[in-house]
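First up is the structure itself, then whatever we jot down about it.
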Amino acid sequence: MTNDPAEISSRKRRHIDVCLNDEVNYVGVTTGLERYRLPFNALTQTSLADIDLSAEFFGAPLRAPVLIGAMTGGAELSAMINRNLATAAQRLGIGMMLGSQRIMLDDARGQRAASSFAVREVAPDVLLIGNIGLAQLTKAAVPAVAAALRRVGANALAVHANSLQEAMQHGGDTDFSGSLGRLRDAADLLDYPVLLKEVGHGIGAAAVAQLLRLPGGLPVSGIDVAGAGGTSWSRVEQLVRYGELRYPELADWGIPTAEAIVEVRQALPAVPLVASGGIRTGMDAAKSIALGADVVAIARPLLAPAIESATAVQDWLQLFLDELRVCLHCCGAPDLTSLRDIGVTAIR
């Protein structure tokens with residue numbers, strides 16, 4: 001792939017346009033959350049006003065179990081989007097992931113793009129997670145990655161594994177050989193918690209087994225399953241590259257979010273776990289947490305509000321959180337721990 005910051009910036013803008021204007025959801029593939037029912041308790045003994053949504057992730061307190069998912073950075077429009085997202089996160093006491101910071105690794109023109117990730121001024125207290133691609137995470141790149149994280153004031157690093165997206169992208173990084181070893185080495189060298197994530201095609205049992213076979217065991221501090229059922233980045237990249245779907249079967253390939261949550265939680269009972277990929281409602285969040293996730297992440301539904309204003313983002317998220325609170329109340333869970341204890345019922 002080209003390392004030209006101008007080309008990266010142009011592609012980022014095309015990503016935004018396609019996600020706003022085209023149908024980029026999976027077709028015929030769902031999150032799988034509809035196959036579970038949150039038990040309804042007609043005799044709940046909770047008070048809606050007293051429901052406690054507070055959570056903790058990577059040692060940071062959150063007023064609700066929500067992260068704003070990784071979206072953008074490097075395009076001219078990205079700065080406004082990220083500042084509006086970060087402002088809403090600060091107001092609501094939730095976390096935020098930045099979009100890929102690859103463009104910041106360039107020594108020259110890439111530095112101009114760094115301003116699109118600069119959100120600490122409006123979000124001084126937010127759990128802020130930086131972002132780099134697994135394909136770019138070489139040992140030689142670690143000092144530049146660390147510098148990029150320091151520059152934005154990040155608390156942690158998300159490393160996105162996106163082999164299918166890269167395969168669909170013009171000039172994409174398609175050599176992932178040795179990437180597990182590089183991930184282990186980078187995690188050892190970086191003084192930040194590392195969150196391994198997909199981009200919407202899912203992390204499941206097979207990937208976790210590969211991680212656990214590495215010398216020293218699991219090299220990361222947490223997993224974001226980023227499952228199938230929401231935005232398909234294989235679909236996005238095909239639309240950006242060709243203006244149409246050349247490979248429709250590849251546009252709808254992935255591990256559904258619910259399946260990914262269950263598989264990863266079974267393999268890693270105590271590791272911080274993010275549920276993302278098609279999380280659209282408070283009920284989706286409640287089911288995901290009941291299945292074992294610690295927090296959920298939401299991305300594309302916030303893109304259009306973020307172009308409008310921070311208040312529009314806040315309003316969207318407040319409705320989401322209000323629904324989540326009612327879900328806990330009406331299943332008799334005063335807090336998130338109780339929600340996990342109650343669990344969900346599989347629909348046969």
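Note that Cβ sites are derived from N, Cα and C of the backbone, with glycine treated the same way.
Features of the protein shown, as given by Swiss-Prot:
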| type | residues | note |
| --- | --- | --- |
| BINDING | R11, K12, S100, Q101, R102, Q165 | substrate binding site |
| BINDING | A70, M71, T72, S100, N131, K197, T231, G278, I279, R280, A299, R300 | FMN binding site |
| BINDING | E166 | Mg(2+) binding site |
| query | What is the separation, in Å, between the Cα atoms of R11 (substrate binding site) and A299 (FMN binding site)? | reply | 18
| request: Starting from the Cβ of I279 (FMN binding site), draw a 10 Å sphere and report how many other Cβ atoms land inside it. | output: 28
| said: Taking only C-alpha atoms and a 10 A limit, tell me which of A70, T231, I279 are near R102 (substrate binding site). These are the binding-site residues. | reply: none
| note | S100 (substrate binding site) sits from N131 (FMN binding site) (Cα to Cα, rounded, in Å) at a distance of 5
| query | Looking only at DSSP and grouping its letters into three states, which state does I279 (FMN binding site) belong to? | reply | coil
| said: According to DSSP, collapsed to three classes, what secondary structure does E166 (Mg(2+) binding site) have? | reply: helix
| Cα of S100 (substrate binding site) to Cα of T72 (FMN binding site): how many Å, rounded? | 7
| task | Taking the Cβ of A70 (FMN binding site) as the reference point, list residues of the same chain whose Cβ is under 8 angstroms away and which are at least six residues distant in sequence. | result | M97, L98, G99, S100, I129, N131, A158, H160, K197, V199, A297, A299
